[in-house]
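Participant: Features from TrEMBL:
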- 12-33: transmembrane segment (TRANSMEM)
- 137-157: transmembrane segment (TRANSMEM)
- 178-205: transmembrane segment (TRANSMEM)
- 321-341: transmembrane segment (TRANSMEM)
Amino acid sequence: MNKKNVFKWHHWSGLIVGLFLLLMSLTGSILVFSEEMESSADSPYLAIGNTSGTYSYDSSYSKVSALYPGWEIRLYGKPSGNEALVYELRNKEQRKKVFTHPQSGNILRVIDDGNTQWHRRLLLLHYTLFAGTTGKVVVFFIGILFLISLVTGLIIYRKAITKTILFRSRISVTTKKSFFSSFHRVIGVWSVFFNLLIVFTGLLLSGQVVLNALKTAEVKPVVASHALSIDRVMKHVATQYPDFEVHLVRVRANSKSVQLSGRFLHDPPWYGHFYSYVIINSTSMELEKQQVMASLPAGKKMLAMAGPLHFGNYGGIPLKILYSLLGITPGLLSLTGFLLWRKRNR
């Protein structure tokens with residue numbers, strides 16, 4: 001492909017995704033802090049009078065599962081000190097949150113539509129554009145066009161990479177056109193490898209979301225929840241896997257099994273907090289299935305790592321700030337690219 005055609009691909013792929021890319025760049029930069037946003041939104045309902053700090057899953061699970069049969073039940077992390085136990089309930093696209101007392105199990109508050117919380121609205125905008133399955137497909141194709149734009153941009157500006165990194169190529173302010181052109185080049189070079197990481201992992205995640213959305217959902221009859229003991233499963237796993245940190249308790253709808261997801265102490269941070277797991281039969285305490293990130297083949301490991309590498313939630317606040325700042329660059333490239341195109345076509 002000659003230089004002229006490469007430039008055409010770069011030009012048109014960038015223009016087509018421009019507005020969408022600006023939107024996804026801004027929402028993505030904010031969503032890096034989604035965990036902090038969720039904690040802030042939940043904070044008014046978390047503080048309770050539990051000075052002992054002790055808790056039991058079973059006392060509240062039996063009540064929550066009886067009230068919401070047919071819903072998948074999730075618990076993230078462990079309550080600390082004076083905090084309530086927070087259940088996240090899922091039924092297809094629906095979300096609920098239930099706050100319970102960690103000892104008595106009494107239900108303290110219910111958020112009937114978890115999707116109305118600010119961080120959830122942003123997330124839905126980011127990966128569905130508020131357009132359901134159609135939006136998920138559109139986002140996937142936006143990712144493909146952004147990848148084309150990045151690769152062609154890398155080809156076009158390959159000779160400027162060394163100069164830019166060594167600060168020998170500066171932003172020109174002589175004219176508006178030269179400013180947009182040089183700014184576009186400098187931002188593009190400095191952010192290209194980060195953006196390649198984001199678009200590659202984003203396509204892996206988006207592809208899975210689209211495939212799941214296009215599947216015909218199996219309609220299962222709603223039955224009464226099974227009696228099970230999460231506390232017993234937790235103690236069993238703590239004995240069998242002493243170096244395993246549990247970050248998520250998951251009970252699928254109508255299931256007798258408990259999935260504990262987390263990480264092993266020797267795992268590197270980019271494995272994330274949820275991608276190793278064990279599934280235990282709550283009656284027999286037998287291991288039904290397990291996934292250990294360190295033992296996965298390269299392809300499956302990459303799929304599992306796509307989440308933490310895309311969201312930047314594996315290195316604390318300093319890494320999140322870096323992700324957030326770099327996350328703005330696709331929007332800047334989109335904006336400067338459009339302004340440059342407009343100047344050239346006047």
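Here the Cβ of each residue, glycine as well, is placed from N, Cα and C on the backbone.
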Participant: Between the transmembrane segment (178-205) and the stretches 12-33, 137-157, 321-341, work out which stretch tops the count of Cβ pairs under 8 Å.
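Facilitator: Looking at each of 12-33, 137-157, 321-341 in turn, the most contacts to the transmembrane segment (178-205) are made by 321-341.
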Participant: Which sequence-distant residues neighbour the transmembrane segment (12-33)? Criterion: at least 6 residues beyond either end, Cβ under 8 Å.
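Facilitator: Result: 119, 122-123, 125-126, 129, 138-139, 142, 145-146, 148-149, 152, 198, 311-313, 320, 323-325, 327-335, 337-338, 341.
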Participant: Which sequence positions outside the transmembrane segment (321-341), separated from its termini by at least 6 residues, show Cβ-Cβ distances below 8 Å to it?
Facilitator: 11, 14-15, 17-19, 21-22, 24-26, 28-30, 32-33, 146, 176-177, 180-181, 183-184, 187-188, 190-191, 194-195, 198, 311-312
